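These come from TrEMBL:
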ACT_SITE  428  active site, 4-aspartylphosphate intermediate
BINDING   428, 429, 430, 533, 574, 597, 630, 710, 711, 712, 845, 851, 874, 875  ATP binding site
COMPBIAS  25-34  compositional bias 'Acidic residues'
COMPBIAS  43-60  compositional bias 'Basic and acidic residues'
DOMAIN    69-145  domain 'P-type ATPase N-terminal'
DOMAIN    897-1151  domain 'P-type ATPase C-terminal'
TRANSMEM  119-136  transmembrane segment
TRANSMEM  142-161  transmembrane segment
TRANSMEM  315-336  transmembrane segment
TRANSMEM  363-382  transmembrane segment
TRANSMEM  928-949  transmembrane segment
TRANSMEM  961-981  transmembrane segment
TRANSMEM  1011-1030  transmembrane segment
TRANSMEM  1050-1068  transmembrane segment
TRANSMEM  1075-1102  transmembrane segment
TRANSMEM  1122-1144  transmembrane segment
């Protein structure tokens, strides 16, 4: 039967994963995958116009409608949507961004509502209500109200400060200005006032305020160059181009004011690389795509001005203990009432309640009395500590990047301690590990390697100095002065001209490229499709071969000061399959030559068999690769006129092919790119950010796994892995094709052994690799989809016969889908297990969605704390998915920073964020929690022991005001300072010994074991605090003949013993002593006695007799030496066992931090920790860096079509004369 085929879906198994191709877009639909439209690039304006006119407008999902210069159009009823009840609002939202939460009117109600949504605050609000019921409470209402108001007030102030900062940031963006058509003229308007349909004008270096359709610009054919660093972190320029019809008719202000085009397009979405829409104007339709759209956040570059129409605008355990204890005491009170209370006439309170009902009331009474097990001050203390730790990060000058004036910024206060528990770091590459700045470092020309440093040694004052002298390029008027090169011999070879190959080498770099040049203010500014190509052309410029200008068919070069123009016959552009580019030029003497540059893997296949320098260059490439430089081979070929004419005929035919044009051109290129003569190789350094290798090395020693997730090509990502020492020559590298079969075999074994004995199940969960070898995984996005069974599914186009399905067929289909889901989950788990066995993982050619998916898989199957770090909008998904997100701020835009929890200017600051601030925050928070629970168990459980002697009546053991102020004043400051300032070792030792970080990963400092230790410690202390004074007061007489054993004197003695004991205990727990710590401990004790004597004075009792009932208790009780001895004994019994245990622990079982702290003076005197050296073995590595152009095609078609050439261009002679005049003035002055 064919009925089951109707909805059958399968994976596309016809094609293997391609390492060079970026996987499908995150938002591609099945229909798009089934029938992709061939992308035909126009060769000239006529072809472009015909394609636009003949192509049908796209109607699919185009529900967003825009009318130019008509604001009333978007207020029509069909564009309204109901927001609340009968209130409606236009779906075309305002352009103002809004990240703040409150305004002056809504702050108080919304903030209180938000705070009482927290369980803790709501819990204490319920307690406060219970305390107003006289039948329940034995505590005054203010014992809960004062701490609650303090917590709410501090939190509200913190929220207010944060929201004011958000208001300021929003106002800064919303009040930016641009020119908008108003009343037929361009007038200045704020971004927040821009509406859909407005025509705006943007000038050079301005940010795009909204998503706009490009209409025209100052450039030829309305080209517009944009920088998308705010969106994807890439600094190389991309070009956009308007429709030819708008370029032709919408250049004048009056024409744009009359423009009434109607646009239908897709709804706003998160796709950066796709756009579908149609422009209706003058009874014609014109298709729109992503090349005609400028996205919000882009920056206009090298374009004086452009015009566009706006399309889119943007817009637990302790509580259980508390309940159980309260319930037990309530049952005890019920029993006591039945046995004793009913028969004791002097205890009658005038209420005829039954014992069970009295027990029920006492249950709630004990809930109130014992609530200090988890006091409300705990939550405000945690907030204060987190806030303080965040400020310490902000104030850390060692994380301040002075070059960009960028300090570190903690954008959240809730994740500081998790910084000390990171297991996995997921990092972007471009702009995060690297500067995205390429530098020409070395080259091999005709078998000779250039670029070695020349070291000059000299002695001054008996001290030897070594100086690396850089090459002086002042002889070259076109040198930009930025190239740092140290091999003077190469300059000698170029200037003397004896080695023709040397000059030909740099001539090739100056002529074989698709760079655009802009001459302004006497300077040559190059705009390249990739940083690599720009670095090579700039290097040629500095060495005397400067690219000056180009037209559609010519290119002008200054060769050692002599200007020559060459006819460009053809540009054979780069793509990811070819990995090379060539240019065919006719020299002034009529000779035709082909110049080619590309990856050595493809160039060596096309060399002439008789290349004498082949092997020597190969060895140089090996050396360059070992030094993690990006290599590129240069070669040339002489072409006869007959050969060129024959080839050009085929080239012209392929250029106008109606179908498969790209394949036809590639085949024609192959015919001419043969029998090449090798000139040499270049070596470019993709500059790492400062300190990246050291940072990665230290993080690895802290047992933190680093995964690099990038959209770059595999070769580029692999070389950066070696540069930053994530990979070494001893690392065994596994690729996607290697692990695919391994994972498939494991999955089959798991399916075969499902339900069998335990031993076989254990065998299927064995490690994938043998231990003892250092392994790394490098996998591309295509292989990632293949392995994780994430490939897009396509519906089979079969004959769809509508036969009814039987129940059996439906059940079979459900079971099949369930098995597929189980296999997919198991395969993903296996992949995570395999990847986590590797010391490093590099995922290249991955989309933003895949980055987030990888992070989510590790979070799901490893249950580990993850951190993601990036710098562009393409990293936002990854940053938000990880537990902690870090943004690199600076030249790469602010999108990642705005979505991050922490931000700073350089990757190297990550080691200090984690190994210092993260570890300290974790240690401080753990110590704070352990001590806080201890002191509150010791404080609260005294009520529990007292209940056995008061008939379980919920009577408190202390004075009400002592209960109110205990966690607010008497014991709060020392623990707060420990949570803010304590450190087991210094920051330098934390960085020197990264292994100290491991305790946080294993959560050794606060877990259930540590919690129960604190609980037991608190129970023992409460026993001592209660029973020693109780025993001391039992049947005793003071020296004045009075009995001191009344309830109030007992309460004062127990409270005094408790305050001294818990504050001194905090002193024992303090690792880093300062004056502030000492003052807080002794000051808290002094503050307690001072306030107690004031509260027990007769004067305050006269003013408030019902609230202050302990009149004269403290002066009368504490004048008895017997009570002071009782306090001293209680404190000694509490602390001496702790001191003994600490001494034994540090002597017999010292921790790693104890050992380092003991030897800190020795470490301080030693030499600082140095970066480890990687081994260098000549000629062993076979790594190659492919020709690292951008991921899109270059500007070859743009150049060949002539669309990038200005019709009226200022002559370059003026620039040259200006340069010559400057050089002469310098010579005369010298």
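Note: Cβ is positioned from N, Cα and C throughout, glycine not excepted.
Tertiary neighbourhood of the transmembrane segment (961-981): same-chain residues 139-140, 142-143, 146-147, 150, 372, 375, 377-378, 381, 384-385, 388-389, 392, 924-925, 927-928, 931-932, 935-936, 939, 1051, 1055, 1059, 1062-1063, 1066-1067, 1069-1070, 1072, 1074, 1076-1077, 1080-1081, 1083-1084, 1087-1088, 1091-1092, 1095, 1108, selected by CB-CB distance under 8 Å and a gap of 6+ residues from either end. Cβ atoms under 8 Å from those of the transmembrane segment (363-382) belong to residues 120-121, 124, 127, 130-131, 133, 136-139, 144, 147-148, 150-151, 154-155, 318-319, 321-323, 325-327, 329-330, 925, 928, 932, 936-937, 939-940, 943-944, 947, 954, 956, 963, 966-968, 972, 975-976, 979 of the same chain, restricted to positions at least 6 beyond its ends. When Cβ-Cβ distances below 8 Å are used as the criterion, the transmembrane segment (1050-1068) is approached by residues 931, 934-935, 938-939, 942, 957-959, 962, 970-971, 974-975, 978, 1021, 1024-1026, 1028-1030, 1032-1033, 1077, 1081-1082, 1084-1085, 1088-1089, 1092, 1110, 1113-1114, 1117-1118, 1123, 1126-1127, 1130-1131, 1134-1135, 1138-1139, 1142 of the same chain, each at least six residues removed from its ends. Sequence-distant neighbours of the transmembrane segment (142-161) (same chain, 6+ residues past either end, Cβ-Cβ under 8 Å): 101-102, 107, 111-112, 114-115, 121, 124-125, 127-128, 131, 368, 371, 375-377, 379-380, 383-384, 387, 413, 960, 963-964, 967-968, 1107. Residue 428 (active site, 4-aspartylphosphate intermediate) has its Cα within 10 Å of the Cα of these binding-site residues: 711, 874, taken from 574, 630, 711, 845, 874.
Across the domain 'P-type ATPase N-terminal' (69-145), mean pLDDT in this model comes to 71.
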